[in-house]
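Chemist: Questions regarding the structure given below will be posed in turn.
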Ligand SMILES: Nc1ncnc2c1ncn2[C@@H]1O[C@H](COP(=O)(O)OP(=O)(O)OP(=O)(O)O)[C@@H](O)[C@H]1O
Ligand SMILES: CC(C)(CO)[C@@H](O)C(=O)[O-]
Ligand code: BAL
């Protein structure tokens with residue numbers, strides 16, 4: 001496995017391997033969720049590139065850019081164990097040099113859910129992912145469904161801008177007790193770890209009610225909110241039942257309905273989601 005920091009060097013490498021690269025974009029502090037994406041990438045292409053870049057343009061001014069967890073040496077071991085060929089770890093000054101002025105924005109899909117709570121977030125995500133596609137030139141790029149809206153936005157961007165990249169979405173990897181793996185889990189205190197289960201409990205409550213025949217979104221929402229309201233340390237950002245393609249609100253749920261939620265546990269904002277009829 002090699003580590004490339006320079007954008008120019010990455011592009012030069014990519015030119016030689018064009019058509020045979022699978023890219024896994026990440027912000028580092030790698031865990032089993034990321035590893036599952038790398039394992040899938042390994043199956044799909046001869047060369048696996050993992051990018052590690054805590055992208056400043058997707059963080060709002062009061063967000064956790066500075067406190068975002070980082071540990072390059074640990075990341076290097078996780079990536080090597082997953083059979084990665086190249087870690088691309090650019091510096092912010094190389095990605096956004098002085099005078100930088102260009103941004104890519106998907107409209108519509110980005111105004112709701114996480115986009116409403118984090119204005120400008122998806123503009124930063126699509127900008128950096130478009131740059132990564134141009135630098136790494138992947139034939140396929142692998143993303144996790146934990147960031148369901150991000151995956152929908154990237155699929156839209158690829159269609160609308162005719163990027164020649166196959167987008168693959170992979171299932172959410174969870175801890176044994178249900179907590180979705182996330183780099184930000186590392187910022188939970190010991191006392192916040194148990195209350196953080198309120199997200200997966202909300203999902204379980206909604207799924208149980210749906211399986212028992214409940215279709216009213218108003219009723220399902222009440223059921224899902226209960227585990228969150230029980231935790232004094234948890235503050236709801238949003239909990240929504242949406243059409244999984246358009247992300248538009250629904251009044252009646254079916255098998256394809258997306259339940260997406262974001263909850264602040266102390267100062268740590270966590271997200272989770274499920275499609276009611278899946279698994
Ligand atoms: N538990 C998980 N299961 C599957 N994929 C995941 C999981 N967590 C993250 N990913 C995916 O890994 C990729 C990189 O995500 P990122 O580096 O932001 O990690 P993260 O753990 O989601 O961090 P954050 O704390 O920012 O939510 C994204 O495509 C994301 O959806
Ligand atoms: C896709 C991504 C790597 C872009 O910075 C980031 O949003 C993430 O880690 O999900
Ligand atoms: N996983 C999405 C990256 C972010 O929260 O900024």
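Glycine residues also receive a Cβ, built from the backbone N, Cα and C atoms like all the rest.
Those TrEMBL annotations? Automatic predictions, nothing curated.
Sharing the feature lines straight out of TrEMBL:
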ACT_SITE  34  active site, proton donor
BINDING   27-34, 144-147, 173, 181-184  ATP binding site
BINDING   58, 150  (R)-pantoate binding site
BINDING   58  beta-alanine binding site
Chemist: Near ligand 1, which of the binding-site residues 27, 30, 173, 183 have CB less than 6 Å from any of its atoms?
Modeler: 27, 173, 183
Chemist: Rounded to the nearest Å, what's the C-alpha distance separating residue 33 (ATP binding site) and residue 58 ((R)-pantoate binding site)? Just drop the number here, would you?
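Modeler: Rounded to a whole number, the Cα-Cα distance is 21 Å.
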Chemist: Please report the number of other Cβ atoms within 10 Å of the Cβ of residue 34 (active site, proton donor).
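Modeler: Residue 34 (active site, proton donor): 25 neighbouring Cβ atoms within 10 Å.
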Chemist: Ligand 3 is in the model; which of the binding-site residues 33, 58, 145, 173 have a C-beta less than 6 angstroms from one of its atoms?
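Modeler: Among 33, 58, 145, 173, near ligand 3: 58.
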Chemist: Which of the recorded positions 27, 34, 145, 173 have a Cβ less than 6 Å from any atom of ligand 2?
Modeler: 27
Chemist: Taking the Cβ of residue 30 (ATP binding site) as the reference point, list residues of the same chain whose Cβ is under 8 angstroms away and which are at least six residues distant in sequence.
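Modeler: In sequence order, 50, 52, 74, 75, 78, 79, 183 meet the Cβ cut-off.
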Chemist: Out of 34, 58, 150, point to the one nearest residue 173 (ATP binding site) in space (Cα versus Cα); all of them are recorded positions in the record.
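Modeler: Of all the candidates listed, 34 is nearest in space.
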Chemist: For residue 58 ((R)-pantoate binding site), which residues in the same chain are close in space, meaning a Cβ under 8 Å from its Cβ, but six or more apart along the sequence?
Modeler: 120, 121, 122, 123, 124, 125, 128
Chemist: How many whole Å apart are the CA atoms of residue 150 ((R)-pantoate binding site) and residue 27 (ATP binding site)?
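Modeler: For residue 150 ((R)-pantoate binding site) versus residue 27 (ATP binding site), the Cα atoms are 14 Å apart.
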Chemist: Would you say which of the binding-site residues 150, 183 has the most Cβ atoms within 10 Å of its own Cβ?
Modeler: 150
